[in-house]
Amino acid sequence: MRKETSSEGQNPADRRPSGREDRPVGPEDGSREAGELPSGPKARSPDRGDLPEARWIREAPPAAWAEAARSARDRAYVPYSGFAVGALVVTTDGRAFFGANVENAAYPASICAERVALVKAATEGETPPAALVVVADSAEPVTPCGVCRQVMAELCPPEMPVYLGNLAGDWIRTTVTALLPGAFGKEALSGHGGRAE
């Protein structure tokens, strides 16, 4: 089978799309070398280098909440990673819902402590979450995974406080929105045949 070529003898798959002709790319025209990251000042948190410091405040939750999350951590089932996490959701009426991570040999079937506590609050509680506390034996205050952040965005008020800590007593306070800015939500589904309110 003969390979198709253009009138210039070049394979069409090798041609650059229109508007992307060969030209020098480098410091001469102000662009960066391949793989080079942008430089310049960026507000960085001493605890979490990936978000602006203003959204991460060094503040511990009430002592009873911190202790409850630590106690929940003791119930974690983590035979594979050994990384136990405890979580506490406090609802607006003062009820407490606890969670610990539960691992599975089929790794995607594992569930994080945050989601355990949030799902319990959603299915057993009558009022929305007012705060979330998460703790683990980590060098820095533990942070939720992306899936947990998405579940928080679905079930919690955007500015709800989220306390993240470690067993050494280091704590930071942030919010649901700070953890997942621009979250995908039910408003994106309205008008598409779903039942989003």
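Yeah, the Cβs are placed from backbone N, Cα and C, and that goes for glycine too.
According to TrEMBL, the features are:
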ACT_SITE  GLU114  active site, proton donor
BINDING   ASN101, VAL102, GLU103, ASN104, ALA105, ALA106, TYR107  substrate binding site
BINDING   CYS112, CYS145, CYS148  Zn(2+) binding site
COMPBIAS  13-35  compositional bias 'Basic and acidic residues'
COMPBIAS  44-56  compositional bias 'Basic and acidic residues'
DOMAIN    60-187  domain 'CMP/dCMP-type deaminase'
REGION    1-56  region 'Disordered'
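Structural mapping of features recorded in TrEMBL.
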residue : record                    : Cβ neighbours (10 Å)
ASN101  : substrate binding site    : 24
VAL102  : substrate binding site    : 16
GLU103  : substrate binding site    : 19
ASN104  : substrate binding site    : 12
ALA105  : substrate binding site    : 8
ALA106  : substrate binding site    : 7
TYR107  : substrate binding site    : 9
CYS112  : Zn(2+) binding site       : 21
GLU114  : active site, proton donor : 27
CYS148  : Zn(2+) binding site       : 24
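Counting residue by residue with DSSP, the domain 'CMP/dCMP-type deaminase' (60-187) contains 42 helix, 34 strand, 52 coil.
Reported as a whole number, the C-alpha separation between CYS112 (Zn(2+) binding site) and GLU103 (substrate binding site) equals 8 Å. A gap of 14 Å separates the Cα atoms of VAL102 (substrate binding site) and CYS145 (Zn(2+) binding site). Looking only at the binding-site residues GLU103, ASN104, ALA105, ALA106, TYR107, the one with its C-alpha closest to the residue listed as 'active site, proton donor' is GLU103. Sequence-distant neighbours of CYS145 (Zn(2+) binding site) (same chain, 6+ residues apart, CB-CB distance under 8 A): CYS112.
For the substrate site, the Cβ centre of ASN101, VAL102, GLU103, ASN104, ALA105, ALA106, TYR107 serves as reference, and the other residues of the chain with Cβ at most 8 Å from it are TYR77, TYR80, ALA109, SER110, ILE111. Each residue in the domain 'CMP/dCMP-type deaminase' (60-187) has a pLDDT score, and their mean in this model is 97. For ALA106 (substrate binding site) paired with CYS148 (Zn(2+) binding site), the C-alpha to C-alpha distance reads 19 Å.
Here CYS148 (Zn(2+) binding site) is positioned 15 angstrom away from GLU103 (substrate binding site), judged by their C-alpha atoms. Between ASN104 (substrate binding site) and CYS148 (Zn(2+) binding site), the C-alpha separation comes to 17 Å.
Other residues of the chain with a Cβ within 8 Å of the Cβ centroid of CYS112, CYS145, CYS148, the Zn(2+) site, are ALA113, GLU114, ARG115, PRO144, GLY146, VAL147, ARG149, VAL151.
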